[in-house]
């Protein structure tokens, strides 16, 4: 799927909790815990080392969850009524980030959001003439839907320009205590001026990872939350791209690669693991650009930008209201994707309405309660308390657990729960129009490896490997599970 993976917000709460676990870091002193921290140690580096050590080991667990196929086994108990609350709560969490970023200047934020709507919805069919160059054809004129494909980019550029004009004309206050200060484009000028042009990050550059039990459980909680978020992203992205639901082997690979990214992050000392970008999925829905080649080019650009730090520093001058405006236009799309998944279940069932309402209620209310009442979980075991608090502060995780639990405990038929479509939707949903099983198999080829598939199909052992496209539980489909009456002339 055309999904970009990168630093996830799920890892920020445990990182902050672990960094402040020993007391104030600004004094260079802290409380001694099991001999880990002494008065003569550089406390900030020790804390960062523990954060990255916990991230490294927790991400290794995520890799094992993917390559062993454990996640695909769990997916057997997850239906659309479990995934829908995850995506809806994800949209709600993004909307909160959007509102906080819009606060410095609602004018700029609404201007940016309005441009996204104008370009992606109203002017989406307008074709703009552009110059093209092709071998054997030379220079020619091509008409393309420029506003649709570049709706986000154009909106950000115009919003950025408006913020710059309001900054140089002193419409935005230069007093950090004022609300409009964070809408200025020059608050990162000092960072921009002091940034090196070229830099080569390497493992251990800041500090080498150090394993502790507290850090491990804290980051493991974040790993679980990010896995749940990614499962929702996979389902939403496949729907956006109009392809079959990801089969088990594809989900296994996605989770494994996210874990690998987290391990690399721990080695490089970033402090945050990787997960699928939900906003990336929403951009696909807005721009209608779902090309994997585009995402590959984006990945290369991101790698190059990691070395050219002056460009990254320049991008940090992007004002908060512009970010908030783009998120305003995107979060509604995320919530609507989650709602659209409910069409697979029986919406007239009081059982389903109960499960859905309970999952959303707990996913919204419980995290707010935990955040507003720090220390409410106090068993006397700091490591356990911190891990549980991190999980309960993650609305996506809470809603997912509640939905899965009650969906599997409360009696209900498979048709009522939408499992007749979902259980084998990666294959059967392509056969609704009367296609043959060979055609359905061909539709799933989008989840094959880009090369080497002939050798994999000939291998007798590949079907036992959970990340192989020929993994037996993923490809096994019997005609008994697809009941269709024979075609007649009347049909």
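Positions of Cβ are set from backbone N, Cα and C atoms, glycine also.
Predicted automatically and left uncurated, TrEMBL annotations should be read as such.
Taken from TrEMBL, the feature transmembrane segment applies to 53-74 (among others). Under 8 Å from some Cβ of the transmembrane segment (53-74) lie the Cβ atoms of residues 11, 14, 18, 209-212, 214-220, 222-223, 227, 231, 248-249, 251-263, 265-267, 271-273, 466-467, 471, 473-474, all in the same chain and six or more residues away from its ends.
Feature annotation from TrEMBL assigns transmembrane segment to 81-99 (among others).
For 105-126 (among others), the entry in TrEMBL reads transmembrane segment.
Feature annotation from TrEMBL assigns transmembrane segment to 146-166 (among others). Sequence-distant contacts of the transmembrane segment (146-166), counting only residues of its own chain at least 6 positions beyond either end whose CB sits under 8 Å from a CB of the stretch, comprise 105, 108, 111-113, 115-116, 118-120, 123-128, 130, 172, 183-185, 283, 286-289, 318-319, 321-322, 325-326, 329.
Here TrEMBL flags 211-231 (among others) as transmembrane segment. Cβ atoms under 8 Å from those of the transmembrane segment (211-231) belong to residues 8, 10-11, 13-14, 17-18, 21, 36, 50-51, 53-59, 61-62, 65, 71, 75, 78, 83, 86, 90, 251, 254-255, 258-259, 262, 273, 275-276, 278, 382-384, 386-388, 390-391, 394, 396-397, 400 of the same chain, restricted to positions at least 6 beyond its ends.
The transmembrane segment annotation in TrEMBL covers 297-316 (among others). Distant neighbours of the transmembrane segment (297-316): 4, 6, 188, 191-192, 195-201; these residues of the same chain sit at least 6 beyond its ends, with a Cβ under 8 Å from one of its Cβ atoms.
The transmembrane segment annotation in TrEMBL covers 322-342 (among others).
What TrEMBL records for 354-370 (among others) is transmembrane segment.
According to TrEMBL, the feature transmembrane segment maps to 390-410 (among others).
Under the heading region 'Disordered', TrEMBL lists 417-437.
Under the heading compositional bias 'Polar residues', TrEMBL lists 419-428.
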Feature contact check the transmembrane segment (81-99) with the transmembrane segment (322-342), CB under 8 Å, 3 or more pairs: yes
Other parts of the chain folded back onto the transmembrane segment (81-99), taken as Cβ under 8 Å at six or more residues beyond its ends: 228-229, 231-233, 235-236, 278-279, 324, 327-328, 330-335, 337-339, 341-342, 345, 352, 355-356, 359-360, 363-364, 395-396, 399-400, 402-404, 407, 417-418
